[in-house]
Amino acid sequence: MGPGPINADPRVLRAMSAQLVGQYDPAMTGYMTETMGLYRDVFRTGNEQTLLIDGTARAGIEAALVSLIQPGDRVLVPIFGRFGHLLREIAERVGAEVHVREVPWGTVFTPAAIEQAIIETRPTLLAIVHGDTSTTLAQPLDELGDICARHGVLFYTDATASLGGNTFEADAWGLDAVTAGLQKCLAGPSGSAPATFSARAVDVIDSRRSIEAGIREAGDAVLPNRIRSNYFDLAMLFDYWGPRRLNHHTEATTALYGARECARILVEEGMAEAVARHRLHGSAMLAGVHGLGLSVFGDPAHRMNNVVAVEIPDGVNGDAVRGTLLEDFGIEIGTSFGPLHGKVWRIGVMGYNARKDTVLTTLAALEQVLRRAGASVTGGGGVGAAWDLYADADRDAAASDDAAVLS
Ligand SMILES: Cc1ncc(COP(=O)(O)O)c(C=O)c1O
């Protein structure tokens, strides 16, 4: 019950135990094409270039930034948590002239503040995290696409922590590039980074297409501004995943089986339904935490559905509480980074763990461990508040079923 990685869905684990298949086997190329289609549904996009990047979520970020940014390009990175710093770090390493804006952890940016920063810095790319796991907040993105389009700026987001558990609309929000990982709301292991790129982003990447010697064919240009990574060269990856099937790395078959199954599970459930499930169980956890008499960190209006930052009560040793939860109850909750280290725990309710039983058990265990640690908590208040919320949700669902039958 940490902020990810979390328990993988057993379906994903089973899929990952399947025998390996060579990357040009028609079954494998079929899986690749199918996986591209599945992730179009997950990202809510029509982008042709929707694919997997082999590696953890950070590999997706590196691939996007190294392929979209040319050395010297101006990039704007609004930072509201640890992973904004990661975007800045990677953009700097790929040679961008990076401009940052920061707000205090626990808050997010207004669209007006981002537009103002765009006017001031005139970037070619806006790179911003959607849900920053470190603070548990989600930056609203829905108005940023129009702002970027007005100013001729490419719009990239890292949706690793939020995708699958929070509303996400790549096309409707005007995103040009999105990358993610499997180990949060997608209910899989880390090791594969789903990503999608708009036609506008593809044009920028294609303008640097330089196929490596040895597989280059007549008509393939060799450009001086080629992408400065071979592994993360999206132009070559597009040719590998596309009809040309131009050789690149050896596909990480097992990771692909896992990523495909993660998307199949979500698409079968329905993206709106998956978000509603995360909202329900995340709200129950939040109600339970409040019911115990604990405080929650961060602007409540911008919380991600899938993770709650709980303030560690005064006098309580946060690491000792985490240790006891793990040792005696088999439940892992998260620590935190930077300015929040030692101040909050992060409790995740995501992917396969976004369930009533996990929420209620975690709240029951937390109450006992906190009581033993000498904290003053409301007896039964955690489970009781969460259970009440579930009962209300059941009643509302039954009432709307009745209304549907009557109409
Ligand atoms: C928002 C966000 N971005 C990027 C990452 C980096 O992911 P990975 O560790 O899979 O490379 C994480 C990891 O927790 C994350 O939460």
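Even glycines carry a Cβ here, placed using N, Cα and C.
The number of other CB atoms found within 10 A of the CB of ARG346 (substrate binding site), across every protein chain shown, is 23. As annotated by TrEMBL, substrate binding site applies to ARG346.
When averaged over the domain 'Aminotransferase class V' (31-191), pLDDT in the model lands at 98. Residues annotated as domain 'Aminotransferase class V' in TrEMBL: 31-191.
Sequence-distant contacts of LYS184 (N6-(pyridoxal phosphate)lysine), defined by Cβ-Cβ distance under 8 angstroms and a gap of at least six in the same chain, are PRO3, GLY4, PRO5, ILE6, THR133, THR160, ALA161, SER162, LEU163, GLY164, GLY165, ASN306, GLY348, MET350, GLY351. Annotation comment: TrEMBL describes LYS184 as N6-(pyridoxal phosphate)lysine.
DSSP assigns LYS184 (N6-(pyridoxal phosphate)lysine) to coil in the three-state reduction, outside any helix or strand.
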